[in-house]
Structure formats: structure tokens, C-alpha cells
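Asks: Copied straight from Swiss-Prot:
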type	residues	note
BINDING	G114, E115, F116, G117, S118, G119, K120, T121	ATP binding site
REGION	320-398	region 'Disordered'
COMPBIAS	320-341	compositional bias 'Basic and acidic residues'
Amino acid sequence: MNIENFDLSDLEGVGPVTKKKLEDSGVHSMMDLVVRGPVELGEISSMSSEICEKIVTIARKRLAETGAITKDFASGSEIYKRRQSIGMITTGTDALDALLGGGIETQAITEVFGEFGSGKTQFCHTMCVTTQKPKEEGGLGGGVMYIDTEGTFRPERVVTIAKANNMDPAKLLDGIIVARAYNSSHQVLILEEAGKTIQEENIKLIISDSTTGLFRSEYLGRGTLASRQQKLGRYIRLLARIAETYNCAVLATNQVSSSPDSFFGDPTRPVGGNVVGHASTYRIYFRKGGKNKRVAKIIDSPHHPASEAVFELGERGVQDTEEHLKQLDKEAKKAEKEAAKPVKKSKAKAKADGPEGVDATPAIEPEGIDTAAAEPEDIGTIVSESADAGEPADPELE
């Protein structure tokens, strides 16, 4: 039985009346209960905190028993085994895939920040295509939910990228669910009600572009900073919970600002402060690199080393540079050349085998002649005497 299809009424203490309250509040499954949590559940359903805590606890235990979510306590081996189910979505470029260790990871938030024109939205459009590729081609064969807060989603761009990847544009567009957010409250609401759509549409990637734009424009001045961060934190936590409970990836773009107290180095800083920084699993910095090139740098990661990758924007969306492709071709030819070389024998084996072209098998000695005792001239004398005596010559010596 699929855990995602467990009915809410299967839970102890959830009758028809409670079930209706939950569904009216946008809670349709046990996963939704775990994602929301007891505090938020009480706010949206008007149920008492005791009932909410009881329902969420029962749902969490039920899901943990079936292996849908991690138990409260688990060994390192269990966590390692669970992480084997984590998927990777290719970025469409060898350089970025190598930088990220295979691509965008599920059950995690990958934050991409950078100034305008650095390629963030183009990257999002590219991921709309690569996510829907089959697993053998680096995708997950699932849909995409695109939360558009700036009105920058362009289906025409998806069509161009799809054609460049030899994929059906119409089918790809049908696999993208776009939600246009007009204010920060609407942005949070979209995510709160996303659970049912994620299950029904087999969503494997959630794109939030941009994550902080609406919060930044609505909450101005230091006096509103606390309220903004509290609301933004709730949105980011929802993203993290959804990514883990539904085993999907989250790609969140972020705006930047300049730090006035930075006298050396790059003054560019991502917006959102520690609230966004602590919630993001991976932080990638996009910057312009001259002409059509862009540079991606890992700023924060639990296991990736700090490194950079160069890519460019083109017909395929984000793509490898010509220099990188030439380098890959050069390395491939070198590998083929090395594989074609004959295997060299070790000195010991070569000595045992003897010189090349010479039979190393010991020669058969003439029968009846002690070559070890006789000198070369003695052997010649013996042969001569045998011939003079009228005896047939040994055929081995002729």
C-alpha cells in the first residue's frame, strides 16, 4: 500500500468531522500533517494545540514505521541506507554536474544567488527540461513546480531548450506546474497547499524564483526586519520539509546586495541573512565571467569542496563552454590512445620469457653425448670419428 495514499481517517482520533476540518485547511494526507507541524496546524484549523500535537505525533509514527520518513533515532547505517534513495538531477552541463557531484540533489535546498543577468532564471528554465528526462539520461522523469514571484517564467524559452535537447516541447510544458505569486502571503499560501499537487503530478523539482524578492519589497526599513525574517523563515522551513517528506529537489534563487563594510574582495552578499543561509543545504554563487560566460562557485556545502565551474548561456540554456568541450574531447582521445598501447611486461617477466622472437624453450641435447663434460673440440672429434667408422650420422646433428 502506498503510504502517500493513506486516508486521514485511518489515524487514531481522526473522525469525519476532524477530517473535514483538516481538508478544509488544505491538509489532505499524513505527509501534509508532518510538513505543517502542530503549531501551524493549530493556526490554520482552529483546533486545540493538544489535538494537533496528538494527530501530528500519530501521523509521524505511522510514516516512520513504514519507512516513509526517518525515525526519531536512527543509526548511521540506517541514514546511509536511506540516502541511497536520494536522486540527482543533471544540470545539463558537465562542468556544473562535476561541481555539484552529479547535479541538483533531492531532499535538499539548493540556493543559487547572484546579480541580475548572472543566469539564475536561465538555470531554472534549463532544470525544467532536465528534470523530465528519464533516469538513464540524468533526470528523474517527474514534473516541476515553478513558483514565479517576478513574472519571469517564459514557456518560449522552455520550448527552445527542449528542441535543443531533442525533446517534445508540448509534453515538457504539460509537465510544468506554474504558480504566480503576487505577494509574500500568497507565496507562502502556495507552498502550504502544494502537497496534493506534488503527489498527483509526481513533482520532482520545486523552483522558487525568486525566493526573497517579494519579502524584500514588502518589508522596508529596519523596523519591519523581524517580521520579514519570521515570515521568510516559515517559507524556507516549508521548502525544507516538503523536500524531505516528498523526496523532491528544491532550487531557490536569491537576490543579492552589496556590503558597505567590505573593503577587500567581492562585496556581493545574498539577501535573507542567516534565516536563508542556515536553511539552504547548498549555496551556489553565480557571477558574470566575460562575454557570454558565467562562473558558478560553491559557497556552502556539507561535503563538496570549495571550487568553481565555468559555463555559458546558449540555445540549450546553461551549457558547457567550447573550451571545456575541447578539453573533454582531448582527454577522451588521450584515454583511447593509452588504452590502445600494448601492455608492457615487467623486467622479471621479460627475462623469464626470453628475448622477443626467440624460443625460450631449452634446446634438446644430442642423445649419448655429455655436453656438460666435453669441450667443444671434443664434441667435434666424436662426431668425426662416428662418421669415419661408417655409422649413420645422428639426424639431430645434421
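All positions are counted from 1 along the displayed chain.
Heads up, the Cβ atoms here are built off N, Cα and C, so glycines get one too.
Let's see these features in context: how buried, what's close, how far.
Replies: Within 10 Å of the C-beta atom of S118 (ATP binding site) sit 23 other C-beta atoms, taking all shown protein chains into account.
According to DSSP, the compositional bias 'Basic and acidic residues' (320-341) comprises 19 helix, 0 strand, 3 coil.
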Asks: I'd like to know which of these binding-site residues, G114, G117, G119, is least surrounded, judged by other CB atoms within 10 A.
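Replies: Least crowded of the binding-site residues G114, G117, G119, by Cβ count within 10 Å, is G117.
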Asks: Measure the Cβ-based neighbour count of K120 (ATP binding site), defined as the other Cβ atoms within 10 Å of its Cβ.
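Replies: 23, counting other Cβ atoms within 10 Å of K120 (ATP binding site).
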Asks: Give me the sequence-ordered set of same-chain residues, not including G114, E115, F116, G117, S118, G119, K120, T121, with a C-beta within 8 angstroms of the centroid of the ATP site's C-beta atoms.
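Replies: My list of surrounding residues reads F286, K288.
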Asks: For F116 (ATP binding site), list the number of other Cβ atoms lying within 10 Å of its Cβ atom.
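Replies: Within a 10 Å radius of the Cβ of F116 (ATP binding site) lie 9 other Cβ atoms.
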Asks: Around the C-beta of T121 (ATP binding site), how many further C-beta atoms are within 10 angstroms, looking at every protein chain?
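Replies: Counting Cβ neighbours of T121 (ATP binding site) within 10 Å gives 21.
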